[in-house]
Amino acid sequence: MKSVRVVVVGAGVIGFSTAVCIAEALPFCSVTLVAERFTPDTTSDGAAGIMFTSHSPDIPVERQRRWFKDSFDHFLAIAQSQHAPEAGVIMSSGWQIFKEVPAEKKPYWSDFVFGFRHMTASELKRFPDHRFGQAFTTLKCECSTYLPWLEKRFKKAGGRVEQRKVNSLQELSGYDIVVNCSGLGSKTLVGDTQMHPIRGQILKVQAPWLKHFIRDGDGKTYIYPGIHSVTIGGTRQEGDWRLDVDEGDTRSIIERCSRLEPSLSKAKVLSTWVGLRPGRRNVRVEREEVLLQGRRVPVVHNYGHGGGGVTISWGTALDALGLVRQCIHEMPLHAKL
Ligand SMILES: Cc1cc2nc3c(=O)[nH]c(=O)nc-3n(C[C@H](O)[C@H](O)[C@H](O)COP(=O)(O)OP(=O)(O)OC[C@H]3O[C@@H](n4cnc5c(N)ncnc54)[C@H](O)[C@@H]3O)c2cc1C
C-alpha cells in the first residue's frame, strides 16, 4: 500500500530525473508527475545536452562537484550499456577554446571528464583567433530521446503522469510532498523574482563528417556533433522572452560557426529552434514548508539550472531525493502509515 503521496511538477530533464529517483528509491510513495508541457515541447528537448557547462557562483564547489560527478557517472553507465541508443547518450570529444586565457584554467569538472588537458600550440593553430584551449572527452545526452526513455522508466517504477498547468501550489494540497521542477515556470508558480529567461537559438545541420565538438569559452558559439545531426549555436540573450526564430541570429550563428569550422558552410540546415534557459544566479535545490489549504506541506525545489541543466540533472535529482527522504522522516508517524 502506497502511503505517501508525492507530486512532481515539471516534465523536463529535471522533473523526470527527480521523479524517477523518487519512484525507484521510495516504493512506498505514490508519485504523480504533473506538467503543462511534455516532450517534445520542453526546453530540455532542444538542449544540445553536452556535459560541462554548469556553474552556480554562490554554491560550495564541493556540492557542485558532487552534482557533476553523480550525473557523469549516471550518463557514463548508460553510454556504456545496451540502453545507450534508446536513451540517446553518447561520449563526445572535442575542444573548448578561448580568445583570452581564462582566470580558471582548470574548472571544477575537469577531474571528472576524461583526459582533460590544455591544448598544444599545434592544435590551437587551426583556431587563429583563440589563444588557449582545453581538450577532453565528456558525455552528450539528447533529451528528445532521453525524456521518453525516462518516462518509460518512471512508469515502470509505478509513476503516473498528468498533463495540466498548475496555476497555484494551492491546487496541490491533496499531496503530502510537492516537488517543484518547473524551471522558468517557477517565476510565476512560486513567485521567484530571480528567475529570468536566457534565450538560446540553435540550428541542426547535416554534417556527418564532423566528429569533435568545438565550443568558444564565451558560451555563445558552439558546434556539437550528435547522433543524427550537428547542433550549431547559439545565442545567450538575457531577459529575452522571444520564442520565434530570429533570421539575424541564424545568419550570425552560421557565420560564427563557419569561422571555427569552415566546412560548415557546405552543411544543409535541417531545422532551427529557440529555447529559454531557466536563468537564475544559483540553482535552487532546497526545501521549505508552504501552507496549502491550511495544511503545512513540505515543498522541495529543484529548478533554475540555466544553461547547464542536463549536465547536473541526475546529481540535483539525487539531492532532491535526499530532501524528500528528510521530509518523510520528519512526518508524524500516522501520516506514513
Ligand atoms: C539553446 C540551448 C542549448 C542548451 N544546451 C545545453 C547543453 O548543452 N548542456 C546542458 O547541460 N544544458 C543545456 N541547456 C540548458 C537546459 O536545456 C536546461 O538547463 C534544462 O532543460 C532545464 O530543465 P528543466 O526541466 O528545469 O526545464 P524545462 O525543460 O523547461 O521543463 C520545465 C517543465 O515544467 C513545466 N512547467 C512549468 N511551469 C508549470 C506550471 N505552472 N504547471 C505545470 N507545469 C509547469 C513545463 O511545462 C515543463 O514540463 C541548453 C538550453 C538551451 C535553450
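Note that Cβ sites are derived from N, Cα and C of the backbone, with glycine treated the same way.
All annotation found in TrEMBL is predicted automatically rather than curated by experts.
Among Gly191, Gly248, Gly304, Gly307, only Gly307 appears in TrEMBL as part of the D-dopa site alongside Tyr222, Arg277. For ligand 1, the neighbouring binding-site residues among Thr43, Tyr222, Gly307 are Thr43, Gly307, by Cβ distance under 6 Å.
In the predicted model, the domain 'FAD dependent oxidoreductase' (5-317) has a mean pLDDT of 97. Under the DSSP three-state reduction, Val166 (FAD binding site) is assigned to coil, being neither helix nor strand. Taking the Cβ of Thr43 (FAD binding site) as reference, residues of its chain lying under 8 Å away and at least six apart in sequence are, in sequence order, Gly12, Gly183, Leu184, Gly275, Leu276, Arg277, Pro278, Gly309.
Checked against Tyr222 (D-dopa binding site) by C-alpha proximity, the binding-site residues Val166, Gly307, Thr311 yield Gly307 as the nearest.
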